[in-house]
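These features come from TrEMBL:
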- A:18-50: repeat 'WD' (REPEAT)
- A:62-103: repeat 'WD' (REPEAT)
- A:108-139: repeat 'WD' (REPEAT)
- A:152-184: repeat 'WD' (REPEAT)
Amino acid sequence: PLSPLSPGSGWACRAVLSDAHTRTVRRVAWSPCGHYLASASFDGTTCVWKRHEDGFEVVATLEGHENEVKSVAWAPSGTLLATCSRDKSVWVWEVDEEEEEFECVSVLSAHTQDVKHVAWHPSLQLLASASYDDTVRLYREDEDDWLCCATLQGHGSTVWGLAWERSGQRLLSCSDDRTLRLWQRCDTQGQGSGSEQSWQCVCTLSGYHGRSIYDVAWCHLTGAVATACGDDAVRVFEEVMPASP
Amino acid sequence: MAARFSGVLQLTELDDFIAPSQECIKPVKVEKTPGKAAAKIRIEADGSYFQVNQDGEAQKLEKAKITLNDCLACSGCITSAESVLISQQSHEELCRVLALNKAAAAQEQKVVVVSVSPQSRASLAARCSLGLLQTAQKLTTFLKSVHYVFDTTFSRNFSLLESQHEFLRRFQRQAEDKKALPMLASACPGWICYAEKTHGSFIIPHISTTKSPQQIMGSLVKGYFAEQKHLAPDRIYHVTVMPCYDKKLEASRPDFFNQEYQTRDVDCVITTGEVLKLLEQEGVSLSDLDPAPLDTMLGAAPELSTHRGGGSGGFLEHIFTHAAQQLFGIHVGSIHYKPLKNKDFQEVTLERDGEVLLHFALAYGFRNIQNLVQKLKRGKCPYHFVEVMACPSGCLNGGGQIKLEGGSSKEELQRVERLYESPRAEDPEENQAVRELCEHWLGGWGSQRAQEVLHTRYHALERANSALNIKW
């Protein structure tokens, strides 16, 4: 085994934000600009913290989900936030930057079970969600509301995590069914009059994981994919390019 | 099944995995004598439970019972109870009741009254490609095995007028009563159930206590109409035709149950879609029927009328116009709605010399209700009155309306809207029949009877928060 990469000089705990949530904090996410931190909790709320010189302050508490919030994600634009919950819904929130106020823009109830994760497309206003109902769903804005524009079926069990490729062309999902699935859009832009987009599973990685795969991360610098698995291992995958003829 | 109730109602704690004993918010009271020590429970072969005390004495335990109404209000484990409700109040049930009624002895027979909402009528008209009046008349013919077919536009007059009065009272006491304003509309049961369950005692003081047109119709049919016909209220079977399923829940509220006569003000709610099913079942096409003259509760009704202000009843419009006149002496000709973040959230303002006198809003759909309630909680709600409806685009787009084929859903809705708005718009204050009924039967707007007939109350639902409720 390689020797560990140069160790940092250590980590210091700068803040303990313990008064905002009354139950497990399940997910945290930094805003693209770095000034805000969102925390999603089983208490049904999502707090948005503003970073100051000397600490963090709650600038907004997003309420409305009926029960445990499982995930929160900032859109790359920084003005939208998505949350998802065991109440089967995905909420899209918009921030009014001046007022530092968040308003609910849409409540999407496309999933039929607990929604575990939400992930924004790296550049478009396209949102993906993963659920206990074994599907991944995609949402986009349509006039003054949002709608579900695609349902990705194929996994045989709960989809726990999602990761977009840097270019946004493809999406990876990991599941309790011990597989990774790679999805790609297959209809050309502007084809068809309906709001539905067509996505296909172009690759399924099975047989590598011994247990449920809880998370997947796709490095936007190197293209490498890492997975977190219930079999106590971290795996790293790389796309093998076909040899040139 | 769950998809049929409004989005607002659906989002309240529906989960297929909860064990009823954990999530049920209706603790059942069972008569038990308190024991000194722990007892053992023995289950017999036939499934009955016996509590065995320390001295060996066995006591049969009563089965815990929860009524359907309790279940529905809770939604804790509604998934299976829903289907029971839907079948209990459906067109099949109506057919069953009508058949039974026909076969019953004369003194047992009930007078069946059907009250049709204008939204349902517009939806049927669009589907059958008929004009509104024709639809009303042919529907009257179709329902001929019932005795009377009324229009809830009539009872809506009372709802609108009383809401106007209530608003003025609240506006005038806002200095002493911090909870008087904003006043929130109460005609939508999806909104009411959500408010009671999720925000409880915080929001209830803001909700208008004026009953919805459906329930005022119930009170009028089982009260005024029954008296006119010399019938006891329980001799009338009152059916309403509504654009959504949430209205079924409203009809079954205990507050709308007449204890004295053991009868509900509205016995059965069927949706527009269910009326269509009835037509299809009978193999009847509405357009083929002959028109019949329309029934009225009192007075002659030569033609259909409607109210201004949109397909959800026009509460904002009527309260605004009335308040502007009564409080500030300003006559409002037409109202200008300013859309905000989305088309289901709109504002209306009355200004004079740069000062805002009245600030009202429409908030339809769950996301807007969310934002409204959050603003209220933070003390940042600038409105005096909000017309709250659970369904995006309002009642004309209710979950029980008929889905038309062909064309986009937007076009369909516009067609229904045009039909809905086609009759002459009437000012409730100018309706002779309303005035007569109010004077002679209610005894005036401020009377005791008016209070009973036109107002209701709400109940916050407390939820038990325990660690058992967590789903990891």
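Residue numbers in this text run from 1 along the chain shown.
Cβ atoms here come from the backbone N, Cα and C positions, even for glycine.
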Task: Folded-back contacts onto the repeat 'WD' (A:152-184), same chain, C-beta under 8 angstroms, at least six residues removed - done: 116-124, 126, 128-132, 134-138, 199-206, 208-218, 220, 223, 225, 227-228, 237
Open item on the list: For the repeat 'WD' (A:62-103), how many residues does DSSP put in helix, in strand and in coil?
Closed with: 0 helix, 23 strand, 19 coil
Open item on the list: Let's see if you can do this one: DSSP helix, strand and coil counts over the repeat 'WD' (A:18-50), in that order.
Closed with: 0 helix, 17 strand, 16 coil
Task: Stretch-averaged pLDDT - the repeat 'WD' (A:18-50) - done: 95
